[in-house]
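Enquirer: Relevant sequence annotations retrieved from TrEMBL are reproduced here:
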type	residues	note
TRANSMEM	B:15-34	transmembrane segment
TRANSMEM	B:159-186	transmembrane segment
TRANSMEM	B:206-232	transmembrane segment
TRANSMEM	B:244-262	transmembrane segment
TRANSMEM	B:268-286	transmembrane segment
TRANSMEM	B:293-314	transmembrane segment
TRANSMEM	B:320-345	transmembrane segment
Amino acid sequence: MKLSQLLTLPVALASAVLAIPEYSEHLHLRPLPNGYLYAGFNFTASTTLSAYESQHFRYFPRSLGQILQHSHTQELHLRFALGRWDDESWGSRPRDGRREGGTGVEIWAWLDSGGGRVAVEERWSNLVNSLSGLFCASLNFIDGTKTTRPVLSFEPEGTRGEGGGSMELLHGTLPHEVVCTENLTPFLKLLPCKGKAGVSSLLDGHKVFDANWQTMSIDVRPVCPVGGEECRLEIQQTVDIVLDVERSMRPRDDPIPRPRPIEELECDESKSYHAPDTCYPKRKEGEMAWSLSKIFGTPVRGSCHLADGDEGSDIGIEVLPDRLVNVLHGGSNDTLAPHKQNHDLRLFRLPDSARQHTDIMVSQQVIQQVPLQNQPPLYASRQITGFGQERGGMHAVIRNPHPDQQRIVYLESLPWFLRPYMHTLKVQSHPTNSHDKPTMDVKLEKMYYTPALDRLRGTHLELLLTVPAESTVELTYDFDKAILRYTEYPPDANRGFDVAPAVIRVLPNNTAGNGNGNAQGSYLRTTSLLLPLPTPDFSMPYNVIILTSTVIALGFGSIFNLLVRRFVLAEEVPPSPLALRVAQVAGAVGAIVQSLKGRLRGTEVGQSSGRKAAGGEGGMNGSGGGAKLNESGGKDDWAGGATSQDESRKHR
Amino acid sequence: MEALTKVYRDQPKTVLFTAAAAIRILAALLFPALPDLLTLRAELSTPVNSFKRSETVQYRKVYSSMSEDSTHTMAAYSTSHACQAQATTAAFAVALAGHTSLHPVMLLPPIGLLCYDRVCVQSAEKGQTSETDGAIADSTKTNVAVDLRSQPQPLQFGLRFVATFICAEAFLFGFSRLILPSWRFIPSIYMTLLELPDLTPNAGLWWYFFIEMFDAFRSFFLGVFWLHMLSYSVPFCLRFQRQPLAAVVLMMGIIAVFEPYANAGDAGAWLSCLCLLGHLFELTSLHRYTFPAIATLLYSTLLGPAFHHLWIYAGSGNANFFYAITLVWSLALLILLTDTVYAALRDEWEAERPEGKGKEIRQM
């Protein structure tokens with residue numbers, strides 16, 4: 001049984017009465033293998049277009065409505081997501097992946113395209129900035145570099161009456177955004193019961209963001225009934241989470257996992273080492289026991305039955321028919337019987353009284369029957385290959401487990417600092433099971449590629465291709481990693497940059513498409529990637545500016561020094577006046593010292609014997625004469641220099 | 001062997017170009033992985049000349065296939081034609097080189113000067129041969145009375161040269177517009193050079209400076225760097241009026257060191273062009289720091305790739321390692337350039353005053 005069909009069941013039931021209730025809510029629960037529980041919340045409100053245009057809001061949130069009117073948004077899809085859907089063990093995605101987003105925040109919207117490209121960009125900027133304020137998310141960082149215009153990947157979900165102007169689709173992603181409770185609180189504020197009553201009372205930030213996988217979505221679309229009734233604007237809010245049952249049921253006052261005392265353990269006594277002090281815990285058999293109040297920390301408080309004609313059920317549990325499900329409300333304990341048409345499903349409608357709490361309990365039970373696991377249309381994963389911070393490669397693997405071939409649209413929006421080389425793009429397929437057959441090139445039916453512009457626009461790549469039956473398609477291309485200005489790095493620059501997940505749309509097999517859901521096909525997204533970029537030294541700006549400037553100044557200085565001066569022989573250079581004066585003073589001082597010395601020696605000689613007196617006098621004369629000669633020689637030099645300079649002037 | 005020499009003597013150009021082409025083709029055939037290897041080297045490949053990038057990037061397709069090789073070829077071609085006093089061809093070659101990357105335009109004044117010089121010499125030779133029946137061939141060594149009236153007017157010649165250049169450039173723009181869908185190729189090519197949006201590490205001075213530059217001062221320093229590069233062209237022409245070839249080669253050196261997307265190829269082209277000034281080598285090695293400069297060049301050639309690897313791949317060094325080595329590389333090239341400027345000036349001075357040969361000199 002398809003999960004998506006089950007989810008649309010209450011809506012289908014309600015539409016059978018031909019009156020769409022203005023507000024309805026539903027919680028779908030389904031245990032997953034290995035002790036996980038899927039919980040899908042769905043809140044749908046609608047208003048007539050005329051009421052919307054005259055700003056009469058009842059269940060449709062006014063804050064969001066006014067933003068949509070201001071930004072001329074025809075259709076809005078907003079996603080907050082965290083974690084990874086493990087499709088190998090959990091099977092196909094809920095709601096065919098149509099209410100799922102890539103890690104972080106993803107938004108796409110159809111805007112009125114009247115007024116040209118500039119007007120559309122203005123509206124888009126208005127929309128993301130207002131939503132950023134409304135949801136406390138960094139949506140305002142979705143600028144031109146994070147916006148793409150996909151061609152094939154998305155189609156409007158809403159039906160539109162005649163006379164609607166042309167629309168333009170814009171798509172933005174924020175893979176780095178960490179979704180948390182501050183995004184859930186404004187999400188709950190949009191609901192009529194504000195998370196105080198009805199199934200929305202289970203939504204508590206601690207539990208929702210403790211999940212292994214969670215995605216919140218808001219979808220606004222116009223719906224025109226076939227019967228010629230007035231068109232309505234519908235808002236659908238969903239929260240899909242996969243909880244680890246055991247972790248969620250830990251008591252709130254003691255959340256840290258500790259080893260349980262040995263008395264509480266069930267030991268596997270068949271083990272050889274089993275002893276009173278040794279225990280090998282026995283694997284729990286069968287399905288785990290859980291209850292809403294234990295998992296979500298609180299039972300369902302009251303109900304939120306507001307609109308007339310809302311006769312649908314509030315809670316649906318998809319378990320095997322043999323499983324025992326108890327409902328505990330207002331002191332009474334009832335067993336929930338399987339649905340008449342579908343035995344896997346049990347539906348429950350909350351009582352109208354607002355005060356009573358309702359809890360649903362499922363006991364531990366050993367059931368031989370294995371629940372049917374739905375296989376997803378495709379398995380997809382994407383990795384970055386290569387090493388180093390200079391270049392790398394993208395490698396996406398898409399596996400088709402089904403015996404039919406499938407046409408898919410592969411969408412990638414890459415940041416501008418990842419520079420792909422499209423001539424290296426290779427799409428090859430080989431059969432999944434047999435490795436004997438050679439790989440074949442897959443022919444791309446269509447390719448839309450908008451190359452990136454530095455700091456202005458990211459890359460948009462969209463491929464339409466066919467995945468052959470039971471084969472694996474590998475898509476590879478090379479890319480370069482750009483180095484950024486140091487102000488463009490985030491504070492944790494060495495963590496790397498997030499690259500948005502690739503969106504894969506599996507096109508429906510019959511192109512005619514009878515239903516709305518079928519025409520859309522199903523979606524799946526790969527995980528986001530972490531791209532390490534080369535980083536400069538962030539402490540260096542002054543040093544770098546100084547060092548580089550020094551080298552340039554050195555070059556400039558020495559070249560222009562040579563260019564603007566002329567050569568002269570070293571001997572032609574006149575000594576500077578200062579040097580002359582210093583030499584003169586030194587000479588004078590030397591002469592005085594010498595004469596003093598001479599006098600001293602003269603007196604000594606007068607006192608000593610006459611034999612030595614002659615030699616002493618000679619020495620004195622000699623040294624004195626030497627000093628004088630030196631001085632005159634210096635003067636001669638100077639004069640000679642002057643004349644030679646004069647001569648050289650004459651030469652010229 | 002003798003036959004080879006004979007052929008070379010008869011048609012030196014043909015042999016040279018054939019040999020060059022043969023080596024190029026042989027290298028590609030013998031080492032098929034070589035182009036891939038070379039395009040991946042940071043020192044050789046820059047955003048402007050990267051062959052791999054050119055295969056993908058919009059609007060640059062036509063341009064980059066001509067790539068850096070052709071810029072060098074065009075600069076050399078222009079120089080050779082200027083030496084043969086063919087003003088039109090030289091101006092057209094400069095236009096072609098400047099069309100693909102902006103900075104060869106700075107070669108226009110020195111090449112114009114070189115052209116003018118050769119035109120003067122030719123007209124002087126003509127006059128001389130008519131007078132003395134070609135008795136003296138070497139007109140540069142001996143001072144000959146030249147009839148100034150037979151010389152072309154410098155202003156007139158300059159205007160004609162610039163006009164040829166502008167016409168050639170206009171023709172190239174028109175031709176590019178014919179090939180490409182719109183005029184948008186002009187900003188996408190020239191803004192990439194002027195604004196340095198791509199900061200991929202290379203062997204130049206710009207990339208790390210503009211990574212670390214404060215945003216408020218980015219445009220100011222871009223202007224300063226470009227003005228700085230521009231500031232050499234005219235002074236070189238003024239100072240080296242008597243040896244215009246030196247002005248051309250020195251300007252090529254300035255471009256190789258200070259250009260925005262510098263690479264080892266440009267520096268290599270310049271170093272080979274230095275052979276045109278072979279008569280200066282003795283002077284540089286005698287009076288200047290050629291040995292330390294060349295030793296530093298070798299040092300940075302060896303350490304550059306190693307430090308790049310340490311930063312980008314091993315992760316055991318940071319960006320400063322590679323930055324430091326590019327600084328050293330640029331410094332060594334600058335020292336070599338300054339030495340050549342010195343040697344050219346000294347050579348001129350020594351021709352004027354032969355008694356100063358080998359003596360110590362001062363600058364005033």
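Cβ atoms here come from the backbone N, Cα and C positions, even for glycine.
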Enquirer: Between the transmembrane segment (B:320-345) and the transmembrane segment (B:268-286), do 3 or more CB pairs sit under 8 angstroms, pairs being 6 or more residues apart?
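Expert: Between the transmembrane segment (B:320-345) and the transmembrane segment (B:268-286), which are separate recorded stretches, there is contact, as judged by 3 or more close Cβ pairs.
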Enquirer: Under an 8 Å Cβ to Cβ limit, what residues of the same chain, 6 or more beyond the ends of the transmembrane segment (B:320-345), are close to it?
Expert: 201-205, 208, 239-240, 243, 246, 249-250, 253-254, 256-257, 262, 267, 270, 274, 277, 280-281, 283-284, 287-290, 292-294, 296-297, 299-301, 303-304, 307-308, 310-311
Enquirer: Which residues of the chain, 6 or more past the ends of the transmembrane segment (B:244-262), have a CB below 8 A from one of its CBs?
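Expert: Distant contacts of the transmembrane segment (B:244-262): 46-49, 75, 79, 82-83, 103-104, 106-107, 110-111, 113-114, 116-117, 193, 196, 198, 202-206, 225, 228-229, 232-233, 236-237, 269-270, 273-274, 276-277, 280, 330, 333-334, 336-337, 340-341, 344.
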Enquirer: Which sequence positions outside the transmembrane segment (B:206-232), separated from its termini by at least 6 residues, show Cβ-Cβ distances below 8 Å to it?
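Expert: Tertiary neighbours of the transmembrane segment (B:206-232) are 103, 106, 194-196, 199-200, 250-251, 254-255, 258-262, 319, 323, 326.
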Enquirer: Sort out the residues at least 6 away from either end of the transmembrane segment (B:293-314), same chain, that have Cβ-Cβ distances under 8 Å to it, and list them.
Expert: 41-43, 201, 203, 321-322, 324-326, 328-329, 331-333, 335-336, 339
Enquirer: Using Cβ atoms and a strict cutoff of less than 8 Å, what residues sit near the transmembrane segment (B:15-34) while being 6 or more residues removed from its termini?
Expert: 7-8
